[in-house]
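Copied over from TrEMBL:
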| type | residues | note |
| --- | --- | --- |
| TRANSMEM | B:9-27 | transmembrane segment |
| TRANSMEM | B:101-125 | transmembrane segment |
| DOMAIN | B:102-318 | domain 'ABC transmembrane type-1' |
| TRANSMEM | B:137-166 | transmembrane segment |
| TRANSMEM | B:195-214 | transmembrane segment |
| TRANSMEM | B:257-279 | transmembrane segment |
| TRANSMEM | B:299-321 | transmembrane segment |
Amino acid sequence: MTTQAIRAEQPLLSVQDLKIRIQMDNGEMRAVDGVDFEIKKGKTLGLVGESGCGKSLTSRAIISINPKECETSGTIIYRSEEEQTREELNLLSLDPNSKKIRSIRGRKIAMIFQEPMTAFSPMYTIGNQIMEAILIHRTKNKKEAKKIALEMLGKVGISDQEKRFDQYPHEFSGGMRQRAMISMALSCNPELLIADEPTTALDVTIQAQVLELMRSLQAEFGMAILLVTHDLGIIAQMCDEVAVMYLGKIVEQAPVKELFYNPKHPYTKGLLKSMPRLGGDKSKRLDSIEGSVPMPINMPPMCGFYERCSDRIEGVCNARSVPKTHISDDHMVRCFLYSDSREGDSI
Amino acid sequence: MLQYSIKRILMAIPVVIFISFIVFYIIQLPPGDYVSSYSAQMTATGEVMTQADMDQMRANLGLDRPVYEQYAMWAKKIVLHGDFGFSFNYNKPVLDVVKQYMGLTLVVSLVTMVFQYAVAIPIGIYTAVKQYSAGDYIFSGISFLGMATPNFLLAIILMFLSYTWFGDPLLGLFSNEFVNASWSIDKMIDLAKHMVIPVIVIGLASTADLIRVMRGQMLDELNKPNVVTARAKGLSEIRILFKYPTRAALNPIVSTFGWSLSSIFTGATITAIVLNLPIQGPVMYNALLGQDMFLAGSWLLFMALLTVLGTLISDILLAWLDPKIRTEFRGN
């Protein structure tokens, strides 16, 4: 194998043993508890889970923009291929206010957010806010920056850019704002785009348009996407690989088809069952997962899904933390049902 | 925007007329009038005014006519000649009395305002950014204390301290040798020295208030998603702080600026009396006590006008600051 080939196989981003802890009045909350995943160049990884499972914190930890209260540990290796130099950087080792991490934010790793109304400041024009990132990372020339910004607005399907450029966020519709947000994120041609619930606040029709737009831009720019969502439908449509998160841990990870056709973890199965299906029996109630998510504060070592699981093994699942089991090369599940050993994880 | 402003000004006219009538009526309400308080004064000094003298005086001053007629005469003079009537106390036209005190009132009020904003905004930003730090607790403690302390009490304390430390309570706005002197560098320095206590005393309560408002606004703004977006774009913390949260937090502060207009022109009354400041507040107070009706009436009218004008200025400022409101105006 040539070095070129090795490099091609190395993932753009590797997250290893990411832990985020938050000190609360009643103890330490393990919001993210030992997460590992990789994002390959030009591919899309979906991070799916319900509210509060730590998926947003995980995605924001990559560029260190979580609030100060979050104690983050682990390694996040980012391999940039820019300018022939192969740079390998542990993003977590950088000071969150350092120049180095700021030169990566917005330039190499860009982010789009759930609520495009509040993610833009109402005080400045859309043009001003898009140009800002370009002026930091690409050019100091305002005219040139404006040209790039206008071009980007055109790319995301906003017509009449000259006029739109000088408008304020409240003069845009929800879908338009999210398009503008995408154009802002892509204005510096990033290698990785983190999309944190990019379509949650949008109408279903607009949702489809925005997803389609993201896909076509991915094809054009070749960036990788980390798509954070709670919507399995979007995952099926967009992703190459999926990681299912529950209570701060990734409980199952597999290529998208494998996960949908051959789910292993009881939680994944439950999620898939609770999705409405076309042509399904309308007289039947939609399945839902019993119980609710516990708070990850002062939890003993056990499976976080234990209380809600129909296949739980007493004395095993609630007695130790669950190790990873690799069902195949690319299918991982964290469940004792598939584990040969009944011994706990070393943590 | 211009259309909106003109509309607002036209709408203010009936409000002002209505206020002027109410003001005039209220001043008439207490029993007695300037003549009776004047005759009481005369009696105190040993002279006696007969009923005929009093009636004669009332007729001269026009006080024997019905209220609405007096009002009509007063209003007519204001509109036609800019004549606000005659101050019985000062024996001068009302306008002259107002003019006499206006200069120093404006100086004291404007310096106080600059002091308030210059102190409150940076402290507000600091306490929000460093929430729950030692500095935050210290400034918050001081600002609560500042809001709760009656300002006349503070005036007395500062006078006492100034007397024990510098041997001069710094009463009034000038030392004796400068009161009637013409303007010079020395007189300015003397004025500046005498302004320290009034500015602190008058400004402290609103400064404390402004610190709390600014801190609250900043805390709101600092947690907004647009700050996270800016961070994700790669902006430095200091640029984010000034471009996004500070700019947005200033809106409510700047837009209330107009409301303080009337207090700028009238000055603080109680503090001015305690500190013996030659500004408008005490003049107004004495006019009300002595039933100097035209002076008091003009004053109240003036304050009402300034309040209406101030609200208008606030609205226009807000429109200028907030793009969202600006668009609504354009749509008008």
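Glycine too: its Cβ is placed from the backbone N, Cα and C atoms.
What you see is a predicted model, and the numbers here were worked out from it, not measured in a lab.
Same-chain residues lying 6 or more positions outside the transmembrane segment (B:137-166) and placing a CB less than 8 Å from one of its CB atoms are 123, 126-127, 197-198, 200-202, 204-205, 207-209, 211-212, 215, 268, 270-271, 274-275. The stretches the transmembrane segment (B:101-125) and the transmembrane segment (B:257-279) meet in space: the count of Cβ pairs below 8 angstroms, excluding pairs fewer than 6 apart in sequence, reaches at least three. The transmembrane segment (B:257-279) makes no contact with the transmembrane segment (B:9-27): fewer than 3 of their CB pairs lie within 8 A, with pairs spaced 6 or more apart in sequence.
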